[in-house]
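Colleague: Straight from TrEMBL, here's the annotation block:
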- Gly274, Gln275, Thr276, Gly277, Ser278, Gly279, Lys280, Thr281: ATP binding site (BINDING)
- 111-147: compositional bias 'Basic and acidic residues' (COMPBIAS)
- 543-558: compositional bias 'Low complexity' (COMPBIAS)
- 564-577: compositional bias 'Polar residues' (COMPBIAS)
- 586-596: compositional bias 'Polar residues' (COMPBIAS)
- 184-518: domain 'Kinesin motor' (DOMAIN)
- 74-147: region 'Disordered' (REGION)
- 521-604: region 'Disordered' (REGION)
Amino acid sequence: MDQLSIKQKVFIRRSDGRVHLAEIIKLEGGSINLVTVEWPEGHTVRGKDLPLELVILLNPQIFDPPRCSGNATSTNQTALIPPRSMKQRMAAGSLSPGLATATPRQLTPSVREDQLNQADKMRKERERRREMQLRTRQEREQVKREDAGNPNWEIAKMIRVQRVQLENQPAKSGTAGDRVKGHQIVVCVRKRPLRRKELTDRELDVVSVLSKDTLVVHEPRKHVNLVKFLENHSFRFDYVFNEDCSNATVYEFTARPLIKHIFDGGMATCFAYGQTGSGKTHTMGGKFPGSQQSSMDGIYGMAARDVFATLKTAPYNSRKLSVSCSFFEIYGTRVYDLLMPGKPQLRVLEDGNQQVQVVGLTQNPVKNTGDVLELLEMGNSVRTSGHTSANSKSSRSHAVFQIVLRSETKDQLYGKFSLIDLAGNERGADNSSADRVTRLEGSEINKSLLVLKECIRALGRQSSHLPFRGSKLTQVLRDSFIGGKKVKTCMIAMISPGLHSVEHTLNTLRYADRVKELSVESMAPKRNQDPNLESTSMPDIISQSSSQRPFPSASSSSLPGAANQAQQDINATNDLNRAQKRESKPTSPTSGQQLIQRKGRSAQEVSMMLAKSLARFRGRNFP
């Protein structure tokens, strides 16, 4: 440390291997022995703390030992001579000039060749990546120029690529080989075309109709890294109608087959379900060439025309049937007659025969199609409508138009055809900015639609219980759900093809798909019960196996002897079941009294045996 001084120049080694001169600015002796140096680098000054051993290793010229002489006097004199400076040693030639500058590390030829190859490989990879990025940018710009002004041009391109791979075979009117399906529940889907305003706003069509019974919804999604992609949802129904199908085509496959059913003495129901603004009123009521609706082009008018045409054909012309019509709406929980002046409110009650009656509902006799059209125009003019976020003139009530056939000779109901234009289903998120009345309307609409779905599910399962009292709509239509094979239902699910309506479209299709998958044909057969057993709870509990028990049996480690006891229970149960199978006849059910007589046991013994088995099953000791 004595050979070093402040502002002295010494050689140091950097962390990257470079060696250069630096100036000492601080010396710390003692047990630390640190040398602090600094050096200029560019426009900045850098510093570093070095151990004294490293400074000695890199600067041997400063710490050279003195030359030894033959006697002590010369040795002492030599030791008193101060060391020469670096400049003096360089001038004398004792210090190599190469040490005065930082020298790069010497690399072997093999290592240098590997580094050059790696650098060349990185350069080629960088050029290839830049070419790919340039090509991608050019393709994006070209596609963007094709859809100039379209903010969703990426989604549009992906949808076009998807549709190129699909075969379009939509349902057409009057095609050879088409046969109308005669199921008890028929579910159809109709896709409406884009509106003029949607075309102006460059709205995307995200629904593709593949065939007459299949469609795909292209839902835009994003990955975690924000890369856009399409999630395709496939659905299959009885019929799927694209935007080119007219009301006549939809009527031919949906409501027209039900006309013959009501003339055979049945009950038929056809209703349109879907989002607000999806085209339900257009399908059921007819087109809007102007401010007024043309009822002749809707399912209402076409059904009335076919009813009178069928009434004139044999053998129905000899049955003396009369036709009457009623038209009412269900707004919330209230029922209004649309064919009476002032639209009075009606009451829905049950009579002594448990038949639901709409008290005071007008039944107007009709003689021809013109009379029906007049009633439709009268009812549509006073139907409740309102403004929503999806439609400026949205139907806020369920409109029910009924065509009733009565026998004049017996003065009783012969057949009924209910045509229902449901109110549009809405989400609560879409009504968050609406007023209180609109939100209450939406909640009542969704509640009635939910109950309607449950009733249709029960009808498809042939269930003995129908929850028709859940809403006024299903309560009024009770006779359309009860009657077994005499009841037929057709559902037309209306969907909007726009990108902004994709969530509503998926909800509607899932609703319709849930209804169809629970139809009679798709229901799994119920588990067959043994007819030899009576409907008592005791034998059912005993006949359960160990895997079907609601609670697991105790293990041998937790309860000593429990495994043996459980095995004894199983053996006793199996013996009882085998005895029942041997002595029972499959042709006729065996009662409990006959079982006692055949076994030769008294009723007290049988009851004791059952009580012991039940106690062992519950893990208790029986005396």
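One is the number of the first residue shown, and numbering goes on along the chain from there.
A Cβ is built for glycine as well, from the same backbone N, Cα and C atoms used for every other residue.
Mind mapping these onto the model and telling me what they sit next to?
Modeller: Neighbour count (other Cβ atoms within 10 Å of the Cβ, all protein chains): 23 for Thr276 (ATP binding site).
The DSSP breakdown of the compositional bias 'Basic and acidic residues' (111-147), given as helix, strand and coil counts, is 36 helix, 0 strand, 1 coil.
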Colleague: Provide the number of Cβ atoms within 10 Å of the Cβ of Thr281 (ATP binding site), excluding the reference atom itself.
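Modeller: Result for Thr281 (ATP binding site): 26 neighbouring Cβ atoms inside 10 Å.
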Colleague: For Gly277 (ATP binding site), list the number of other Cβ atoms lying within 10 Å of its Cβ atom.
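Modeller: Counting Cβ neighbours of Gly277 (ATP binding site) within 10 Å gives 24.
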Colleague: Near the compositional bias 'Basic and acidic residues' (111-147), which residues from the same chain, at least 6 beyond its ends, have a CB less than 8 A from one of its CBs?
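Modeller: For the compositional bias 'Basic and acidic residues' (111-147), the nonlocal Cβ contacts are 153-154, 156-157, 202.
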Colleague: What count of other C-beta atoms do you get within 10 angstroms of the C-beta of Ser278 (ATP binding site), across all chains shown?
Modeller: 28
